[in-house]
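Summarising the annotation, Swiss-Prot assigns Zn(2+) 1 binding site to Cys70, Cys72, Cys85, Cys88 and lists sequence analysis as the type of evidence. The Mg(2+) binding site annotation in Swiss-Prot covers Asp460, Asp462, Asp464. Sequence annotations record features per position, and here Swiss-Prot assigns Zn(2+) 2 binding site to Cys810, Cys884, Cys891, Cys894 based on sequence analysis.
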Amino acid sequence: MEDFFSFFDKPKDPLHFSAIRISVSSPEKIRERSFGEVKKPETINYRTFKPERDGLFCAKIFGPTKDYECNCGKYKRMKHRGIVCEKCGVEVIPSKVRRERLGHIDLATPVAHIWFLKSLPSRIGNLLDISLKDLEKVLYFEAYAVTDPKNTGMAMAEVLSEDRYLKALEEHNYQFEAGMGAAAIRDCLKAIDLDQLAEQLRQEMIEATSEAKRKKTAKRLKVVEAFKESGNRPEWMILECIPVLPPELRPLVPLDGGRFATSDLNDLYRRVINRNNRLKRLMELQAPEVIIRNEKRMLQEAVDALFDNGRRGRAIAGPNKRPLKSLSDMLKGKSGRFRQNLLGKRVDYSGRSVIVVGPELRLHQCGLPKKMALELFKPFIYNKLEERGFVTTIKSAKKMVEKERPEVWDVLEEVIKEHPVMLNRAPTLHRLGIQAFEPVLIEGKAIQLHPLVCTAFNADFDGDQMAVHLPLSIESQVEARVLMMSTNNILSPAHGKPIIVPSQDMVLGIYYMTRERHFAKGDGKIFASPEEVRIAYDAGEVDLQARISVRMKNILSAASEQPAIIETTVGRILLREILPEMVPFSSINKVMSKKELVNLIDVCYRLAGNKETVILADRLKETGFRYSTLAGISICMNDMVIPEGKSAIIDSANDEVKEIQNQYTEGLITDGERYNKVIDIWAKATEDIAKQMLDNLSKDTILSPDGQEVKIPSFNAIHMMADSGARGSAQQIRQLAGMRGLMAKPSGEIIETPITANFREGLNVLQYFISTHGARKGLADTALKTANSGYLTRRLVDVAQDAIITETDCGTLDGLTVTSLTEGGEVIEQIGDRILGRVALDDILDPVTGDVLVPANQEIDETLVKRIEDAGIERVKIRSVLTCQSRRGICAKCYGRDLARGHIVNMGEAVGVIAAQSIGEPGTQLTMRTFHIGGTASRHAEQTSLEARTEGRVKFININSVVNIEGHHIVMNRNGEVAIIDETGREREKYGIVYGAKIKFGPDQVVKPGETLAEWDPYTMPILTEVAGRVKFGDIVEGVTMEEQLDEVTGLSRKVIIESRDADKRPRIAIKASDPESASGGSTIGRYYLPVGANISVAEDSFVNAGDVIAKIPRETTKTKDITGGLPRVAELFEARKPKDFAVITEIDGVVTFGKDAKGKRKVIVTPELGEPKEYLIPKGKHISVHENDYVRAGEPLMDGSSNPHDILRVLGIKELAKYLVDEVQEVYRLQGVKINDKHIETIVRQMLRRVRIKEVGDTNLLIDDQLERWVFEEENERVIAKGGRPAIAEPLLLGITKASLSTESFISAASFQETTKVLTQAAIEGKVDQLRGLKENVIMGRLIPAGTGLSRYRNLKLVAEQAELLEPVAVAPPAVEEDYPEDDMLDDIEE
C-alpha cells in the first residue's frame, strides 16, 4: 500500500545534490547504464505505429509507450505494476521512463570520439605526441601506427605511410606490430603509463632549450596530469560502444497524411546502426581488407556526424539539404539546450498589453485591465468562490467565471488586494526593468503605468507594450513586495541618485511655478505666514510668480532669534505645502530645474526616509501636472529668435577662412593644418552664434512701472523648456535658431563647409543634402549599437555573475587612494562624489588640527563627506573591491554602500550582476563612434592656450625649459606641470604642459585671472633645439630618406622625411657651435633624430636660437573627438585588448640614452641610478617622445601611442591598472553625460584580475606558466608554507571579460557562455567537479541562486507563527503551488 501511494508523490526537490561532476565514460560504464542494445535501425511499424523490437524506439529497452501497458496488450492497468511481459518482454511501468532510459550500440570496431580528436588542441594527439594531420591519416585508414615496436627501435605510435610500412616490415623482419584505424590508436593509448610519462615530461621541461619546446611540453604535461588526477583512462577517448539517447528526447511524431516528423538524431543513429551491422556482416563473411577498411571508415564518419556533424569534412545533410543537427548542436549557441531551455525559460502564464499613462495612480500602483486580472488570478478566484460557497466544484467555478457573474468581480477585487504583480518592459537592461506594483482594476484593455517609473523602464507611451507576471507563492509575494516594489526602488543602483524623478511636463510645471516674474501683481508684498499667501493667491490678489516676503515660523533669523522673514515667490510657498517637515525650505527656495528636483528627492530620502519620499514624489507629480496645465506653455515660430549678430559672425568667419586659404597658397602652412584651422574657425563661429542666441533667449527687456527699460530672465517657451531640463538642449535650440554648424561624413571626418542656416530659416538644397549624411549614419548606428551593447552586457554579466557579498569584513589593510578628478586643470569630479558611500581604510585626520574626522572602517556618508571637503583634504584612502581579500566573493566593507538602498550592502547581494547591468544599461546611449545631434558634428575647438583662473604665483613642477629670444620659457620635456599657488601656499590650479609650449611667466611671477599662462600649437608636434648654433643635416638625402613634396595648389615644396630602405641611414639635424673660435670650435653641440613624416622647418647652414622649432610632425587631422570612442572603446578596455599602436613604456626609473640601431629599430637605453640598464627597441618611424638625458619614471611611455593595459599591470601593478581602466571607461561615459559609480567598474576589473600565472613553482604541485584562480594559488601556498616548503611565485594576469568568463572554475557556467564543446571536452578530461557556487550554474541546475534570499543560510529556515492571531490576514495561495518547495521557505533579509 505504501508503495501504491508513492505513485502520487510530488516530484522530488532538486536540492539534494551539492555539486556535479563530468568525466569520460568507459565502455563498461556505458553498458552498465544501458537498458539494452539497439540492434536494428527500424523505428516504428508503419501500420500499427508500435515500436519495433530491438529498434531505436524499442519498448523492451526503453520502456512502454503507454502508462502501465505492455506492448502486446497482455498486461494493462496499475495492478500489474512492475511485471515483465513474457510475450513481448516489456516492463509494465509509467511511460515517462522513456525520457530517462539509455540504450547502447556495440560497435564492431572501435571509433575515435570526435571531441577528443578535433576539438583543438587535439587531446589524443597531445597524449601520443602525433600531429592532428597524421592522427587523421591513421584513423581514416590512410596510414599505419606502430602499436608494439618490440625491439626494432621504432617509436610507439610512430606513423608510417603504406610504402614506409611495407619497407619497415622487410627491414625489421616482421618483428613489430602496426595497425590502422581507431583500434590501433586505442592500443597505443592503452600502453601509456601516465605516471612515467608525467615524470619524463617534467624532466624534458627542465632540459628544454627553446621556449617553443617548453610550451609544447607544458601543454602535454597538462593533459597527462589531468588524466592522472581525474582517474580517467586515455583509451576511453576511443569508443567501443555508443550510448543511445532515450527515445522521448528524440521523438518521432506522426503528422496527418501518414508522414512523420522526426528528430535529426534518429537519422544519425540509423546511419550508425546500418553501417555497424553491415560491417559485422562483412567481417563474418571475411570480406577483402579493402572493403572492410572502407566500411570502418564510413562507420567512423557516421559516429563523428552523430556527435558533431560538420566538425570533420562536409556536414551530412538530410532530405531537405539542411545539415542534420547533431548532439553537439543540441547544446551549442543561442538555440541550444543551455541558452534556450536552461537559462532562458519562458513563463507559462503572463499577460501583455499596450501601456498608457496613469497620472492619478499612486507610486506603488499600476492599472490592470479587468479582463487580464480575471485571467491571471483564475486559480485564486476559483478558490475564493468555493470558500465563499458560491460554487461547490471547480467546474462550476469555471462556468461562473466564464459568464462573468457579478460575484466574480467582487471576489476578484478581494483577491487582488495586496497581491503585487510584476511589470516588465523588454528589453530588460537592468534590474529596474522589472518592478512590482499593486494592481488597481480598470476598464479598457491597456495597462496603466505610473509616469514617474517611466525613466526606470525607459518606457514611453507611443505604443510600448509591457508584460504582467504574477508571483504565486507567499514567499515570492513577500520578495516582490519587499525587494521589487516600485516604492523600494527610488535610487538607481548605478549611481545612487534618485531615478524616480519628475520629467517633462512635471518639471516644466514646477519650474514655472518657482520662477520669479518682475513687477507681477502683488510684487513686494509681505505676508505674516505661508497660509496667508495661499489665501491671497486663491483670492487672486497675487500672481503665481510674484516676488514676496513671508515670515516663516520654523525658520529663525540668525540675528534676533525671531521667526525670519524670507524673500521668496508665491509659487515656492505653494510648493512648500507638499514638503515633508524635515526638508528645509531653502531646498526649494530657488528656481526648480530638473537637476534641483533630483537633489530635492535625494535630500528628502536622506532626511525624511523612504515613505516620506514616496509621498513627496507623488505630490510633485500632481503639482507638476497641475501647474504645467495652468502655465499653458506652447511654442511658435516667433519663439525661435535668431540673433542679430549672426550674419556678422558668419562674414568674419568667412574672411578668416579666406586668410587661411591665402596662407596655404603662399605655402606657410600644410593642407592638414589648413583643414584643422578652418574647422576650428567654424566650430568657434557656431559657438559664438549659439552663445549670442542663448543670451538673447534668456533675457527679456521690459518697461518697469517708472518707465525704465529693465532686462529680466526670459519667459520664452523654448528657453524655459531647455533651461528647466524638461525637453530639448542648447544644441537643439542652436540648430533651430542659431546655425546648424559643421556636419560629419559617415566616416567621421568633418565636412569643411558648415551649414550656416538654421531650421527656422530653412536649408537650401546643398545644405539639406549635407544633412542627410549625418542623419542617415545616425540611424544606421542606432541599429548596430543595440546589438553591440546587448552583447557587451552579456559578457559583463557572465564574467561578474559570481561576485557576491559573502562576508562582512575581510580584514584587509590595503585600499586605494582617491583624489579629485581633474582634466585640463578643471575639476570634473569632486573628491566628495568619489568617496561617498565608501569605507575609510585608515583614520581620516583633519590636516590642520589632527582630529579624527572619520575613523577607519566607517562608511563615509553625506555628513562626513561635507566634513572632509570643508577640511580641504585632497587624498583619501578607501577600501575597494579590488583590494578585497575575500577568497570567494567580496566583503561588505570593501564594497561599501548599496547604492540603491543608501546603507552598507547586505550579505548575499549579487553586486557583480548589478555592476554589469549598471555598465551595460547605458551602453545603448553610448555612440558607436562619434557623438552627433541629428548628425551635426560636435568638436571642441582645440585648446591652444592656458588661462589662469585665479591670482597667484607661478610654480614650475618638473619642467626643463630654455628661454628663447622673446624671453619666454620654452618647455623641453614632457609631463611637466605648472601650478598657481595662493598666498597661503595652497595649490589653486595645476596644468599639465605639453612639450614645446611657450610659458609666458617665469617661476614665482604673479599672474592675474584671465592672463594667458602658456600657448602651443595643437596640430603639430614640434622638435626643438635646446642650443643655439648652425644647422647641419645628417643622412638627409633626397630620394633616400627625404623627399621634397610639391603642393599642387601652392606650387611650393617642403622637405618631408620618408622611410628609407637603408637601415644605416638615420636622418638627423645637428647643431654646430656657431663660433669657430670658441672652445667647442664648430663641433656638434646638439643632435636631433627625425622620425618618418617630419617636416623640416629650417634650412641647412641657417642659424637657430635655443627654443626654435627645427622640424614639425603633423598630428593626424582630427576626427570628431574620440578616436575609438563610445561603445567600442569600452569593449576594448574590458576585453583588455592590446591597442594597435601601443607605446613602449619603461619598466624602471632612470636616464635615457640612445644606443646603436638594431634590426631597423631604434634602441633606447634607460639607466637607473643603481642596477642594470634596460634596453627598449622602438620601430623606426615612430616618434620617440623622450630626449637624450631625460629622466623618466617607471611606466612612462617612450614613444607616441596609447597605453597597453598589460604593460601597466606588469610595470605599475594592480592599483595603477585599475585607476587607468576606471578613468578611461568613465571618460567615455562622462562624454555622454552618463553617471556610473566607480565601484561597478572596479568590480568588473576585479573579475578580470582574478587569475595569476605561475612564475616559479617552489615545492607546490603547480606547473610553471599555469594559470589559475588567485585564491587557489594562495591556498596551495599556505599549505606548502605550513609544511615548511618554498611557496610558488606568481604574477597577476589581466584577462579580457570573454576570456575570464571562459576560464571560471565552473564548467557549466563556461559551457553555457561560448565554445561549449571545447569547455566540456576539457572539463571531462579533468573530471571536473562544479561546486555550484555562482548564479548561472544554479539557474541551469534548477536551484535557487546563492544570492539574496537564496543564500544557503536561509535555505533551511522555517516560518513559524508566534501568536495565533497572526495567521488570519495572510492570503492563502492555492495549495498546488505552495507546497512546491516544502523545505525551502525564504525569509526576506531586509530586516537583517
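Even glycines carry a Cβ here, placed using N, Cα and C.
Everything Swiss-Prot records as a feature, shown here on the structure.
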residue : record                : DSSP (3 states)
Cys70   : Zn(2+) 1 binding site : coil
Cys85   : Zn(2+) 1 binding site : coil
Asp460  : Mg(2+) binding site   : coil
Cys810  : Zn(2+) 2 binding site : coil
Cys884  : Zn(2+) 2 binding site : coil
Cys894  : Zn(2+) 2 binding site : helix
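Within 10 Å of the C-beta atom of Asp460 (Mg(2+) binding site) sit 11 other C-beta atoms, taking all shown protein chains into account. Geometry remark: Asp464 (Mg(2+) binding site) versus Cys72 (Zn(2+) 1 binding site), CA distance 57 Å. Comparing Cβ neighbour counts within 10 Å across the binding-site residues Cys70, Cys85, Cys88, Cys884, Cys891, the minimum falls on Cys88. The Mg(2+) site, placed at the center of the C-beta atoms of Asp460, Asp462, Asp464, has further neighbours from the same chain whose C-beta lies within 8 angstroms: Ile355, Ala459, Phe461, Gly463. With respect to Asp460 (Mg(2+) binding site), the closest of these binding-site residues in Cα terms is Cys894, chosen from Cys70, Cys72, Cys894. Take the binding-site residues Cys72, Cys810, Cys894: by the count of other Cβ atoms within 10 Å of each Cβ, the lowest one is Cys72. Listed in sequence order, the residues Ala59, Asn71, Gly73, Lys74, Tyr75, Glu86, Lys87, Gly89, Val90 complete the 8 Å Cβ shell around the Zn(2+) 1 site centroid, once Cys70, Cys72, Cys85, Cys88 themselves are left out. For the Zn(2+) 2 site, the Cβ centre of Cys810, Cys884, Cys891, Cys894 serves as reference, and the other residues of the chain with Cβ at most 8 Å from it are Glu807, Asp809, Thr812, Arg879, Val881, Thr883, Gln885, Ser886, Ile890, Ala892, Lys893, Tyr895. A gap of 64 Å separates the Cα atoms of Cys894 (Zn(2+) 2 binding site) and Cys70 (Zn(2+) 1 binding site). Of all Cβ atoms in the shown protein chains, 6 besides its own fall within 10 Å of the Cβ of Asp462 (Mg(2+) binding site). Recorded residues Cys884 (Zn(2+) 2 binding site) and Asp462 (Mg(2+) binding site) have their alpha carbons 46 Å apart, per Cα-Cα distance. The CA atom of Asp462 (Mg(2+) binding site) is located 50 Å away from the CA atom of Cys810 (Zn(2+) 2 binding site). Rounded to a whole number, the C-alpha distance linking Cys891 (Zn(2+) 2 binding site) with Cys85 (Zn(2+) 1 binding site) is 62 angstrom. Within 10 Å (C-alpha to C-alpha) of Cys810 (Zn(2+) 2 binding site) lies none of the binding-site residues Cys70, Cys72, Cys85, Cys88. Its own atom aside, the Cβ of Asp464 (Mg(2+) binding site) has 17 Cβ atoms within 10 angstroms in the protein chains shown.
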